[in-house]
Amino acid sequence: MNAVANAASFDDHKVADLSLAGWGRKEIAIAETEMPGLMAIREEYRAAQPLKGARIAGSLHMTIQTAVLIETLVALGAEVRWASCNIFSTQDHAAAAIAADGIPVFAYKGESLDDYWEYTHRILEWPGDVGPNMILDDGGDATLLVTLGARAEKDASLLANPTCEEEEVLFAAIRKRLAAKPGWYSRIQAGIKGVTEETTTGVHRLYEMQAKGRLPFPAINVNDSVTKSKFDNLYGCRESLVDGIKRATDVMIAGKIAVVLGYGDVGKGCAQSLRGLGATVWITEIDPICALQAAMEGYRVVTMDEACDKADIFVTATGNVGVITHDHMVKMKDQAIVCNIGHFDSEIEVAAMRQYTWENIKPQVDHIVLPNGRRIILLAEGRLVNLGCATGHPSFVMSNSFTNQTLAQIELFCHGAKYENKVYVLPKHLDEKVARLHLKKIGARLTELSDEQAAYIGVPKEGPYKPDHYRY
C-alpha cells in the first residue's frame, strides 16, 4: 500500500512532509525489533482490546520510538491524537508515517511556540465536539493546558503576568480559546479519567498540583517506575547525550573538561558517557547525598562559579531554573559548548543572552558572540540536546519506558474508579514484568528460586522480589 496515497483524503494532521512516510515506516519496522516489551504487550492484550473506547491525547516527543508506542495503543483499541512535547524533538519521517496511516498527529521539527500550543490544543479536539478521556503526557504541558485553562475560566488574572516568552504564547492561546469557546477547558477537564506522566519535570508538576488540591483526575507517575528512571534516564542519556553533542559540533570529547550540572539518574548517565570518551568530568550538586555519590565515583564536585571559566563543555541535568546564568556564560572560554538535557529550556538563561549577536551555524547550533570577542556554542537553544541535535534515546531503552506507559494507560482507563485524584506509581510486580519482557532480547537468563530459598527470604517464587522502598 502507498502510505501517502492512503492519506490523501485524510487531513486531520500537520506534518512537515507526508512523502517521508515510506522512510519513516522502514525505520519503525527496525525499531519494533528493538522494542520487545511493546511488541509483547501487543501480543498479550490485542484480543482483549483493553483500550477500546479510550481517546488518548498524547503529548510526547514524536520520534520513531514513539510511533511504535502510538501503534501499540491503537492495536489495543485506543483512538489517539498526538503532538510533540518539544519544538525541536520531532522526527519528521516518523510523524509522516503516523499521519499516513490515518492517525491524527500535529508535529514538525522546529515548530514555533504559537504552533506548539496550537497543536497541543488540537490533540484535545475530537470529532463530534468531544474531548479525550485520557492524557499521555511528557513534561506535563497537555495537563497544564487543560487545568490552567479551566482555572482561568474562573480567574482570568492567572494569565495576567507571564514570566517568559513561552508563558506569553501559552497565555495568549488560552485567552483566545476562552473568548471563542467559553467553558471549553472545564468540559475537557471533566471528561478526563486520568493522566500518565513520562518525565521528572512533569511528575514534579503533578505532585505540586496534588499538594495544592488542584489535581482534577488521577495520575500515574511513570517516571518513577524503576524500569523507567533507572534505564531511560540513566542508560538512555548515557548514549544519547554524546550523540547529540558530536552530531552538533564534531568536537573531540577526550581531553576536555566537562561539567554536568546535577547528579541524579540523568546526570549519572551523562557523566559516565563523557568520562567514557576521555573527558575529565566535574559535577555540580545541591544535594549532599548525590554530591557524595559523585565524589565516591571519582568525579570532582565543584560549583559553577568555580567551573564556568575553566571547562569546555557544560551539560545541565537538574530540572531546575537558571542553573547556568548570564554571568556564568560571559566568563566562559572561547568555543565552550553549552547544552541542556533536562525537559525544559529554563535551566540555561538563554533569554539573557539575546542581547548579544547570534550566528546560526546550522539547525540547533548557534554561536553567541560575547562583548569580549569570545564565542560560546549553544545547542538546541537550551532545549533537549539529545532530541534537538540527534534522535534521542535508543529504541531498546525506550521500550522499557513505553511499556510502562501502556500498562499505566490500561490501568487508569480500565480501573480508574478505584483511584482518587492523587499521583500513583505502578506496582512492583508490573515493574518486574517490564524488566522480564526485555531480558531475552539481550541474552539474559534469570536464576529461579527454590521453594526453600523463597521461604528463607520471605518472597514469592514469582516475585515481587524487593519491597517498594528498595533503592536499586
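Glycine is treated like the rest: Cβ placed from N, Cα and C.
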Swiss-Prot annotation, substrate site containing Thr63, Glu198, Lys228, Asp232 - matching residue among Asp129, Asp138, Asp141, Asp305: Asp138
Neighbouring C-beta atoms (10 Å sphere around the C-beta of Thr63 (substrate binding site)): 25
Cα-Cα distance linking Glu285 (NAD(+) binding site) and Glu198 (substrate binding site), given in Å to the nearest integer: 24
Inter-residue C-alpha distance, Gly264 (NAD(+) binding site) and Asp232 (substrate binding site) (nearest angstrom): 12
Distance [Cα-Cα, Å, rounded] between Lys228 (substrate binding site) and Val266 (NAD(+) binding site): 11
Number of Cβ atoms other than its own within 10 Å, given for Ile341 (NAD(+) binding site): 30
Binding-site residues near Asp138 (substrate binding site), in sequence order, restricted to Thr201, Gly262, Ile341 and a 10 Å Cα cut-off: Thr201
